[in-house]
Amino acid sequence: MIYHFTVLFSIIISITCQQNEDIVECNNQDLSQHYLDKTNPNEQEQFAYKILHEYDRNLTTLAYITASAEFETHLHLNDTSKTRATEKYYDAYRNCLKTVAIIGKQLKNLIDDPNASLRWLLIRTQAIGDAAQNDTKTKFDMQKLKARIKEIYHQKFIWNNTRITIDEVQEIMGGLKSPDDLLSLWKATYDVPAPMRDHYSELIALQNQQAKQNHMNDRSEAMTTAEERRLVEQLWQELKPLHDLVHAYVRQQMVQMYPGHVQLDQPIPLHLTRDLFGTMLTYLEHDILPFPDIEGIDLGPAMKRKNFTEENIFQYADDFFVALNLTRAPNRFWNLSIFKKTPNRHMACHPAAFDMYKYDDVRIRMCTSVTSRDFYVVHHEMGHIQHYLQYKNLPFWFRRSPHGAFSEGIGDAIALAAMSPTHLKRIGLLENYSSSKEDNIKFLVSQALSRLFLPPYAYALELWRWSVYNGSILPSEYNKRYWDLICQYQGMKPPEVRGERYFDAGTKLHIAFDLTYLKYFLAHVFQFQIFDVLCHEAGNRGPLHLCDLHGSVAAGKKLKVLLGMGSSKPWEDILEEFAGVKTFSAKSCLKYFQPLRDYLEKLVADGQLHVGWKCENNGFSTRSFIPTTIWLILILKFILSNIFFPL
């Protein structure tokens with residue numbers, strides 16, 4: 001199809017959407033700067049509206065074709081023809097985005113004019129597309145390296161006479177308890193990415209070369225900003241005392257579970273957490289939750305008693321949104337999504353939600369199990385689906401999250417609401433919950449296991465990656481420096497010394513697939529901000545962790561506005577409109593866990609809990625200052641209580 005527009009300043013522009021070997025291609029437009037300079041802002045805006053409208057239609061079609069191909073590729077990892085087709089579609093998609101970004105860049109006058117109505121839309125074309133100068137050979141070499149690294153990540157390996165992939169390890173690992181079995185599986189998994197190492201260092205060099213061509217010091221400047229790094233550091237300093245208290249509690253319980261394997265003043269051996277990265281410790285719940293005489297929250301048995309299928313969990317999540325007066329998932333979702341692993345098929349199992357951009361087509365691909373952990377994950381993924389459904393009528397440029405943390409934080413906030421004891425009682429999945437002090441502490445420990453260990457890991461991972469890009473971590477020390485940071489921030493260590501022939505960071509999908517992970521740190525903070533705001537709208541007057549959003553039309557209305565804006569405004573403006581502040585804050589997270597913090601600080605004061613650890617490799621120690629910090633907090637609390645409430 002060819003669309004012709006006669007612009008007010010007598011330029012004829014042709015936008016071509018060509019079907020070439022099943023690929024839709026968008027042609028480039030060489031705009032004459034001479035004519036642009038002669039036109040007034042109103043004429044330029046009319047021109048921009050027309051051209052972006054047609055590119056919107058073309059890109060929506062191209063996005064649908066590409067997303068459909070990607071979804072199929074994930075279901076047939078052994079089918080190289082599908083992989084090649086998806087790469088071809090993606091290349092056309094990226095090229096079209098680049099074309100629009102370049103055109104948008106030529107309309108610099110509108111971008112620079114704060115009063116131009118199209119200003120934010122044109123800025124979004126720059127954010128989504130890459131208007132940077134890219135050498136064709138460099139681009140091709142990078143694509144080859146990325147494809148090879150992904151191929152290594154998806155390779156099957158043999159453990160316990162079974163062929164599995166990295167994506168399939170977590171479910172197996174969660175079912176193991178023997179230290180020997182956990183060690184064996186952990187080592188077999190972390191050995192997989194070793195061949196990535198040289199490819200990864202080559203990729204880093206090419207990405208940095210490309211960044212310098214575009215006037216950056218290194219590629220990390222394209223991934224984050226100095227302001228964002230300062231924000232993350234500030235948030236981490238606020239969260240760290242709470243994390244370290246929970247870390248101390250978990251380690252103390254693990255000393256009893258694994259005598260001789262865990263020491264009270266040392267980092268926790270990662271494999272014994274039964275989580276591949278030590279970020280979600282829910283598999284430890286049965287063994288380490290306090291007050292063992294009180295029944296905890298384990299949804300697995302309750303769901304099995306009710307004969308839940310994998311699809312039932314998704315239906316419960318869908319009903320949650322409907323109760324808030326939001327949108328029910330369309331029929332296409334139920335017909336085209338994949339909720340469980342297909343037997344005897346090599347497919348991706350990492351949970352993922354897909355916006356296909358057309359026909360109300362939204363999907364999830366997930367190898368679901370009927371467990372508490374996946375009840376949480378399903379509600380998170382359905383949060384993404386609801387986000388897609390709410391902003392589906394926006395222009396293409398705005399149909400995405402305004403910041404990576406928004407989409408993930410929204411999903412996490414929904415999962416947070418779904419796991420509220422009050423809500424679980426309402427839907428019949430929790431019995432005998434009395435909401436005593438002990439019940440609440442037990443529940444909050446459970447929540448801490450699933451939410452407080454990812455932020456330090458995410459921060460350590462990104463610090464490692466930024467340092468690799470800026471050259472302060474050399475290829476010869478990839479592994480040592482990775483584990484140094486994991487120890488320093490997360491308080492964990494590998495089960496044995498890992499030399500430089502390994503590439504352990506590559507076990508994480510987001511390193512292997514060159515995806516940012518910082519958004520998950522921010523999302524784990526932002527989820528509590530969202531939850532706090534929605535609970536206020538719902539009229540919650542009790543402790544934040546007991547808030548139940550079910551059936552609150554007011555909370556649903558507030559959430560609908562947040563979701564429906566997509567990226568139509570800067571994220572700071574959207575956040576201010578929703579929460580009354582222009583940045584992410586840890587206050588709601590600390591508020592949510594305050595009863596648990598008080599409980600653990602009392603254990604420290606009574607000498608029942610040892611906080612801190614020493615990292616042997618780099619000499620970093622938290623032992624010397626963490627107990628001091630906590631004692632200062634306790635002393636300050638005592639002084640303040642006697643000032644305001646004297647004995």
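Including glycine, each Cβ sits where the backbone N, Cα and C put it.
Whatever TrEMBL says is automated annotation, not expert-curated.
Small disclaimer: the values here were computed from a predicted structure and weren't measured.
Feature annotation from TrEMBL assigns disulfide bond to C349-C367, C535-C547. Among the features that TrEMBL reports, Zn(2+) 2 binding site is placed at H380, H384, E408. Look at TrEMBL and you will find E381 tagged as active site, proton acceptor 2. Positions annotated as transmembrane segment by TrEMBL: 625-645.
Shown here: features listed in TrEMBL, placed on the structure.
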residue : record                         : contacts (Cβ under 8 Å, 6+ apart)
C349    : disulfide bond                 : T165, D167, E168, K341, M366, C367
H380    : Zn(2+) 2 binding site          : P351, G411, D412, I414, A415
E381    : active site, proton acceptor 2 : P351, A352, A353, I364, M366, G411
H384    : Zn(2+) 2 binding site          : A353, S407, I410, G411
E408    : Zn(2+) 2 binding site          : K519, Y520, L522, A523, F526
C535    : disulfide bond                 : L544, C547, L549, A555
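When the disulfide-bonded residues C367, C547 are compared by the number of other C-beta atoms lying within 10 angstroms of their own C-beta, C367 comes out lowest.
Compute the center of the Cβ atoms of H380, H384, E408, which mark the site for Zn(2+) 2; besides them, the chain residues with Cβ within 8 Å of that center are A353, E381, G383, S407, G409, I410, G411, D412, I414, A415, A523.
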